[in-house]
Structure formats: C-alpha cells, structure tokens
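Novice: These came from TrEMBL, pasted as-is:
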DOMAIN    49-176  domain 'LRAT'
REGION    17-37  region 'Disordered'
SIGNAL    1-17  signal peptide
TRANSMEM  213-229  transmembrane segment
Amino acid sequence: MFPLQLLALIFISSTTVEPPPEEKQKEKEKEEEEEEKDRYDLMFRRGDLLEVPRTLFTHFGIYLGGGRVAHFIPDIMPIVSSDQFRIKQMVTNTRLLLGVLTKCGSVRVDSVEDFAYGAEIIINPMDKMCSCAALQGEQVARRAEKLLGDVAYSLLWYNCEHFVMYCRYGTVMSFQTFQFCKTVRKLLLSRGVAKVTALLAVCLLVYLRVSNTWSVLLAVLLPFLIWMAS
C-alpha cells in the first residue's frame, strides 16, 4: 500500500491547478499598492499638512493615512454629472478652471501621487509661520474627513489653504490671498495711479466738454480716494 499512497501524493501534487496569470498580476499589483501605502505612512503622519508648489500657486492637503490625502479643489463635475466614477477620476485642468469660474468645488480624497502631480511635497510648512499651535494629528484628520463633499469655492476667500488652515490650526486664513491682495494694493492704490487717474479724468472732461457739477465731482473724487488709500 505504501508505494500506491506515494504515487497518489505525487499525482495530486503534480496536478495542482495554478492561478491564472490575470489573478497573479492582480495579487502583485495589490502587494505593490500595500507597500506603497506603508511607504507613505513612514514618510507622513495622519493629520500632517502637505504642501505642493504649482506653476502659479501652492496647493495644500491633509494626509489621512494609507497613502490618501484630503484636499479642497475647484471642480465642475459634481454639478454637471451624478456619475460617481467620473467624479472620482483625477480632476483635469478644464474641470479645475470651470470650477473656479463657477465657484464650485469639493473636498475629496486622492492618492498622494494624484495630489502631488509630480511636484515635491513639503510637510507642515505652516507650523513655523502660524501663530496658532497645531491640533493633534487625529483631530486634524477627522476635521478634514467631516468636510468631505461639495463646498462653495472662492479663489480668494475660501480655497485649499483656508481648508487646511481650519483643519490643522482652527483658523480660516490664507497667506496666498493676503500676499495677492497686498500686491494688488501696491499696484492699484499708489500715488502714481492717483495722478494718472486725475490726468485722465481732466482729459476726459475736456474732450467731452462736460462741466456740470456731478461730472467734475466724480472726476475729482476718484483720484482723491485712490490718493488717500495709497
């Protein structure tokens, strides 16, 4: 009997069905994905504020763990479509621009790769700039998760930086907005602009041959206000 049992074992082991190549590939991809998540969890902590520089601005997000980032981004797709598959796809430049124009956005979760878009990631840069102490990482992440979904977007008054500042520091502000407004103020509300405005107003009155009180008052008032604000 022993030789027969040995032959049966050899036959069974030789006829074991191996998984098809597609399943092997899926298992390999799943293992690589898990390794990638573990790698990011070693680099970042849950609740970290992540910053990535873009061409004209800086983008911000909150790390949730497992290679996932919550970030606020302008997006027109949730308004024009209810297809969740299309909404969850990476936001294109067209979707982003239309979202800015229509003031529509969403707080969404993307992978670190999609969030960074090939740019270098800076960790918690605001900790040195903000006067408020950062909240605990778990509290930061939970705040970000509670805000997931469609949110009205404003390029100046509520953007991705306002979102992360609230989540991590409990204050709604944007250094980018402040710097932009400061630059605009320097460009428009200057003494040079006041002088040019006054000259143009006088030339316009002479050209149109207008001399009534309200026109003269308006021509004087606008340069005066710019002068006082400069």
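One is the number of the first residue shown, and numbering goes on along the chain from there.
In case you wondered, yes, glycine gets a Cβ from its N, Cα and C as well.
All TrEMBL annotations are machine predictions without curation.
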Novice: Treating G and I as helix alongside H, and B as strand alongside E, what does DSSP give for the domain 'LRAT' (49-176) in helix, strand and coil?
Specialist: 49 helix, 36 strand, 43 coil
Novice: Need one number: mean pLDDT over the domain 'LRAT' (49-176).
Specialist: 92
